[in-house]
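Input: a single structure, listed below in structure tokens.
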Amino acid sequence: MPLNKDIKKVLVIGSGPIVIGQAAEFDYSGTQACEGVKEEGVEVVLINSNPATIMTDKEVADKVYLEPLTVEFVEKVIAKERPDSLLAGMGGQTGLNLAVELYDKGILKKCGVNVIGTSIESIKEGEDRELFRNVMSRINEPVIQSEIVTDIENGKAFANKIGYPVIVRPAYTLGGTGGGIAESEEELDEILALGLQVSSIGQVLLEKSVKGWKEIEYEVMRDSRGNCVTVCNMENIDPVGIHTGDSIVVAPSQTLSDKEYQMLRSASINIINSIGIKGGCNVQFALNPNSFEYAVIEINPRVSRSSALASKATGYPIAKVAAKIALGYTLDEIKNAVTQKTYACFEPSLDYVVVKIPKWPFDKFQGADRVLGTKMMATGEIMAIGSNFEAAFLKGIRSLEIGKYSLEHKKFREFSMEELKTRVISPDDERIFALAEMLRRDYRMDKVAEITGIDKFFIKKFRWIVEEEQRLILSKIDDLDKEWLYKLKKKGFSDKGIADMLNISPEDIYKLRNIWGINPVYKMVDTCGGEFEALSPYYYSTYDVYDEVEVSKNKKVIVIGSGPIRIGQGIEFDYASVHCVKALKKLGIETIIVNNNPETVSTDFDVSDKLYFEPLTEEDVLNIVEKEKPNGIILQFGGQTAIKLAKFLKEKNIPILGTTAGQIDMAEDREKFDELLEKLQISRPKGKGIWSVEDGLEETKKLGFPVLVRPSYVLGGQGMEITHDEKELVYYLSNAFQKNKKNPILIDKYLMGREIEVDAISDGEDVLIPGIMEHLERAGVHSGDSITMYPTQNVSKDIKEKILEYTKKLALGIGIKGMINIQFIEFEGNLYVIEVNPRASRTVPYISKVSKVPIVDIATRVMLGEKLNDLGYRVGVYKEPELISVKVPVFSTQKLPRVEVCLGPEMKSTGEVLGVGKTLEEALYKGFIGANMSIKKEKGTILATINDHDKEEFLPIAKKLHSIGYKFIATSKTAELLKEEGIEVKQVRKLKEESPNIIDTIKNDEVDLVINTPTKGNDSKRDGFHIRRAAIERNLGVITSLDTLKAIVNIKSKEIKDETLHIFDLSN
């Protein structure tokens, strides 16, 4: 069936901000889908609130609306654009839920919009737990014994009937939000209350636990004629009980017999035929390891995290094919873009092994509960490809950037066998290293398999790796012969991993490899196991005989990607990498990307001329450089991951385009940077590195409180704190020195001023600032967690001129060629520099979109020697637009048990949304709604607990809230303060006092919003921490910054209404 000619204009709903459970994979699938629809001559209208995406670029869709993803705003877009069709399955759970809501409210029918692809009825059968169970029962597909409940009493009754443990799965939620495994009635009470609250339809599935069964996934495509193909089957190494997003996954499955494989494949096809899927669908099974018994866990009737992985693992562009199916094509009419010979009805075959390992944020959150369960906690993932499981797995380990190049983790040497058992029975992010230590101590393999639920096949593979590691530890370099080294390299061991165990340098192994001619070759991912010639140059390394890479003599540049999504280094850097590649291609330069993230646009097969899916380590990057011999390598767009390679590449005499390793060091080394500032006569807050608590107290006497204290050599504000008095300072310093005595602690005078930020481009002579950004929260809140406003609202002309002057001095002083990011503080009329990053920053996509300056394109051309004055955007500060745009951070702290919520110098947000308006209030209103902050709630009850430093500032805000009609609940001191000002307040007992106390008011739903300004940010033993956590876990708004609160109150008093707001197409 060819293209449906009735489809002229399609609305695509994006997935919104990056949160745990919904990350960059939807930028990748959304971009692919939009391009797939556009190339058929159909107009694409996009709504998505996330400015950090390629998907929201004006080249991807015909009309781009960066607006909140709510029914009200989508309806506005529909009314303005009049699309005839809606493509619902490309925006993750957010897009799906919105499509169902638009349908149920009759908006689609009223506006004459047809849902193309999978129908709303089919989506409901896949998403609504009860409807899904009914379909499974009708087609005789087994499901786990379960009950749908809408209240706690019925839930408890069912659990008592089937026995504990039980699994709680809320309907229409993301990444297992609100779910969990309840081992007792007390745990069930808590999980069920939350699950019912977060489910958009107040419905939860309770099911008997099959914890320990194998978890198997099938990625299936189906067209409107009922043709089906299974694109990929994947096996979770971790058993059922750990969310698939937190599991290590291998493709194709390694331990299924042919009978099991065919049985589950037939079941997958049976299920998607019965539900009537048109497009892609992910089916998850639980398989009893001791029999042929299986049960269907759930399906995702849309593209998903797993479909992004399946796409990258096979080279089959699932999202693009799904979009074509939605337009009316059948699988036998859609050409395979990789081979250009076969069609989408050919099932991919793999002659290699793919491993996905999640990337968790626990380096940022030391106090977090790391135990993995049914609720996803990973922020991102890496993918590795090898010719055998061991090679793919070890590549995966070193891709995680956790400093591990083998399965040895020194801290587990100190653990007793009982402690190790605990770490694998209640598995956390480090369970593989604990398991390896057990095998190192000769713990029986069958016992390890029994207590972990991991198949003996994988345990054997881990055992082989551990045995080789032990042999290396007991050997010297002279024992390493050519055959042994070749065998180790073939199985994925890195030079550094081998060298560490032999106690020599990686350079020694590198030299030996070169003497013996042991170098990697590169194989192609071609979707067809080499059966047809592939046109997509998409490669992985292996130690083999035949090399499939054709090296050209063209002018070429390698772009280093940014690796897995994590807090502090998100999708913004992938955006920058992709735009760099596009700029190079326009200039006729061959582009090569090296990256290892399966979720991103940069690793799509047709973005660059060549893609190497490899770890971003020194050895793996050097192998590619030696193979390709590029004219240069670009590190500026890959975040800290890429920048870290600068020194090594310089030592190897590899030409780095743009800013050099020495210049990077000048910006990042505190002493060199201070010398430069002194020479340029630029101020920074006074400060010093100290080595003891006594030194710290002495230094603070000179500086005066408050001071900002932080460890040296950290990223993303890790471990920073603002202290206001001696007691707080002593507490922080003694803890910090206990953790690390090797490096100094930096103490700076904390200036409570206005924070201002610029991304600038320098060509070595001139500087262009596309836009000066102002932070809403005063300095002290990490720039990634601040609300950012552009154009600035409170910055004088004089200060702007000084910003340009300082930016030019710094860029030329360091010698920047390309991008530079500078953060300033304006305090009492003076301007201070607080940080300089000699690379692209996380604000690049935001400022590119709202200033309309193609920053990455210009920076790339400047790196290649062009001059700013010749590129048409002039120099200096670019002209400001009329519209105001705010970037509002989005947090995933609800997903991470025992993690601090309050804003501070350490970054915690996972994503961002954009709010665009004619006034600041309009822009902020949209930003808050897009970030799901409770801005719309009409009058309610506020629980206020205010730190002594903030009480004076809080009073006028409280009066305003009171005058709007809010009621207050507070503990004794805050309550007294409010009463003195004539504000009615209900006093509650403190946490340590008897019930009913402050936590009970939160648990009993007596509160709508919590305002809590913290005392000691990082101390999880304090009341404030428990208050904030209790509120977040109940889906309540928590505000810890008075600046944010002021902005909200200001908007509330203006009484902005959705219906009066304009929407803006940013593609013009």
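Yeah, the Cβs are placed from backbone N, Cα and C, and that goes for glycine too.
As annotated by Swiss-Prot, ATP 1 binding site applies to Arg129, Arg169, Gly175, Gly176, Lys208, Val210, Glu215, Gly241, Ile242, His243, Gln284, Glu298. Swiss-Prot lists Glu298, Asn300 with the feature Mn(2+) 2 binding site. Here Swiss-Prot flags Glu298, Asn300 as Mg(2+) 2 binding site. According to Swiss-Prot, the feature ATP 2 binding site maps to Arg710, Lys749, Leu751, Glu755, Gly780, Val781, His782, Ser783, Gln823, Glu835, an assignment based on sequence analysis. Among the features that Swiss-Prot reports, Mg(2+) 3 binding site is placed at Gln823, Glu835, with the record citing sequence analysis. Swiss-Prot lists Glu835, Asn837 with the feature Mg(2+) 4 binding site, giving sequence analysis as the kind of evidence. Annotation source Swiss-Prot lists domain 'ATP-grasp 1' at 133-327. As annotated by Swiss-Prot, domain 'MGS-like' applies to 933-1068. Marked as region 'Carboxyphosphate synthetic domain' by Swiss-Prot: 1-401. Per Swiss-Prot, region 'Oligomerization domain' is recorded for 402-549. Under the heading region 'Carbamoyl phosphate synthetic domain', Swiss-Prot lists 550-932. What Swiss-Prot lists as region 'Allosteric domain' is 933-1068, and the listing cites sequence analysis.
A map of Swiss-Prot features onto the structure.
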residue: Lys208; record: ATP 1 binding site; contacts (Cβ under 8 Å, 6+ apart): Ile144, Gln145, Ser146, Ile162, Gly163, Val166, Ile167
residue: Ile242; record: ATP 1 binding site; contacts (Cβ under 8 Å, 6+ apart): Asn236, Leu372, Gly373, Thr374, Pro427
residue: Gln284; record: ATP 1 binding site; contacts (Cβ under 8 Å, 6+ apart): Glu215, Ile216, Glu217, Thr244, Val296, Ile297, Glu298, Ile299
residue: Asn300; record: Mn(2+) 2 binding site; contacts (Cβ under 8 Å, 6+ apart): Gly126, Cys281, Asn282, Ser306, Ser307
residue: Leu751; record: ATP 2 binding site; contacts (Cβ under 8 Å, 6+ apart): Pro685, Ala779, Ile825, Phe827, Tyr832
residue: Gly780; record: ATP 2 binding site; contacts (Cβ under 8 Å, 6+ apart): Leu708, Ile722, Tyr750, Met752, Gly904, Pro905
residue: Gln823; record: ATP 2 binding site; contacts (Cβ under 8 Å, 6+ apart): Glu755, Ile756, Glu757, Ser783, Val833, Ile834, Glu835, Val836
residue: Asn837; record: Mg(2+) 4 binding site; contacts (Cβ under 8 Å, 6+ apart): Ala667, Ile820, Asn821, Ile822
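Other C-beta atoms found within 10 angstroms of the C-beta of Glu835 (Mg(2+) 3 binding site) number 17, with every protein chain shown included. Looking only at other Cβ atoms within 10 Å, the busiest spot among the binding-site residues Glu215, Glu298 turns out to be Glu215.
According to DSSP, His782 (ATP 2 binding site) is assigned to coil rather than to any helix or strand.
Across the residues annotated as binding ATP 2 (Arg710, Lys749, Leu751, Glu755, Gly780, Val781, His782, Ser783, Gln823, Glu835), the two Cα atoms farthest apart lie 18 Å from each other. Fewest other C-beta atoms within 10 Å: among the binding-site residues Arg129, Arg710, His782, that description fits Arg710. Across the fold, the C-alpha of Arg710 (ATP 2 binding site) and the C-alpha of Arg129 (ATP 1 binding site) stand 48 Å from each other. A strand conformation is recorded for Lys208 (ATP 1 binding site) in the three-state DSSP classification. The predicted model assigns the region 'Allosteric domain' (933-1068) a mean pLDDT of 86.
For the pair His782 (ATP 2 binding site) and Arg129 (ATP 1 binding site), the C-alpha distance works out to 41 angstrom. Applying DSSP to the domain 'MGS-like' (933-1068) sorts its residues as follows: 59 helix, 22 strand, 55 coil.
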